[in-house]
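*Asks:* Before I ask anything, let me first share the structure, which is written out below as structure tokens.
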């Protein structure tokens, strides 16, 4: 099931970004401008932002197997409609439906995929699940673009519809059916509403900072670094591959050092963005820093999902929908900010502005961690779940011994108590 849902994440992200790769094929076929086709991507993100939390609330009581199965069937039907769309309006409508399915998927997938696993390994499971989303820009979009170039853009969407149908079948057959509230990851392990709200703000700022540059990284590499157009694909592959490495590396520490796993990739990304602003004209340095940005972005995303499972103040489905909203708000906001700066300031300042946003996110999280540590240990401190479980078990043993001791004293005094007609209550 972990593999199936990771593949579903791969399919959703590929579908979201595919119009970018097929821009020059979709536009003339539907007699629309490239800008209008580009709205199929930005509008998609806006729908996810607006729909994630409402859909999560509306479907709170629906069993996970049925809900995920219907979500993937909806994904398949919407992509099939995209493949057959006779007009731009029909294609745009099918994209709205796909975005609604994605909003619902991300609100329930993380808790569903981690629920069957012990708390001590859920961070690792999150990272493995997120590998699918990380691979989508590296493999999914290039493969979809190539297929669209060879056989037509409609074929690419038809293939995605087939993938969605296959995943829906696997989910409906293999996923156990259980009420949402009874899932193993239905609630946060260390709920904290204030810290969760700060996590959402930091997520929007951090992702927005990364996307301010990432959306327009091609003009940066061409105009600032001076690379030729022919090497752009390998350079983007380097960034994507670094993201996969970052996600897999994060899997080793998410469970044992959740806070460090959150701050480290954000620090790497911030340093890389500032470094690219300063050294972007040096090609070898630009390649290394581009990889650092890809690594930081992907690992930060995994860490946010894992941290959500700890801090969620209520249902993890609603919390996951909030994280999805923050992610897509960052994506849309960063893209809009970069698009506003590019015509007037050029590509180079995008790295600086992006670095300032990720620095703001890093500062917010760091101050929160220090404030919490100053206030004393809490369940959200940087302790592994195993350590917390050991502490709870130790406390339980001490309580049991105290209960037994009190009970034995009362047994010895029982006859005297009965003579006086007294009655003692059960020990608490």
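Cβ from N, Cα, C; glycine included.
Those TrEMBL annotations? Automatic predictions, nothing curated.
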*Asks:* In TrEMBL, which of the ranges 10-32, 125-147 has the transmembrane segment annotation?
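*Replies:* It is 125-147 that TrEMBL describes as transmembrane segment.
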*Asks:* Could you tell me whether the transmembrane segment (286-306) and the transmembrane segment (125-147) have 3+ CB pairs under 8 A, leaving out pairs under 6 positions apart?
*Replies:* yes
*Asks:* Please report, as numbers and ranges, the same-chain residues at least 6 past the borders of the transmembrane segment (262-280) whose CB is under 8 Å from any CB of it.
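*Replies:* Same-chain contacts beyond the flanks: 206, 209-210, 213, 220, 224-225, 246, 250, 286, 289-290, 292-293, 295-300, 303-304, 307, 348-349, 351-352, 354-355, 358-359, 361-362, 365-366, 369.
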*Asks:* Could you check if the transmembrane segment (286-306) is in contact with the transmembrane segment (67-90), meaning 3+ Cβ pairs under 8 Å among residue pairs at least 6 apart in sequence?
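*Replies:* Result for the transmembrane segment (286-306) with the transmembrane segment (67-90) is no.
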*Asks:* Using a Cβ-Cβ cut-off of under 8 Å, list the residues of the same chain that are 6+ residues beyond the ends of the transmembrane segment (153-175) and lie near it.
*Replies:* 1, 4-5, 7-8, 11, 14-15, 18, 22, 25-26, 29, 64-66, 68-69, 72-73, 75-77, 79-80, 82-85, 112, 144-145, 147
*Asks:* Summarise the model confidence on the domain 'Major facilitator superfamily (MFS) profile' (1-372) as a single mean pLDDT, whole number.
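*Replies:* Mean per-residue confidence for the domain 'Major facilitator superfamily (MFS) profile' (1-372): 88 out of 100.
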*Asks:* Is it the case that the transmembrane segment (96-113) and the transmembrane segment (347-367) touch, counting contact as three or more CB pairs under 8 Å in which the residues of each pair are 6 or more positions apart?
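*Replies:* In this chain the transmembrane segment (96-113) does not contact the transmembrane segment (347-367) - fewer than 3 Cβ pairs sit under 8 Å.
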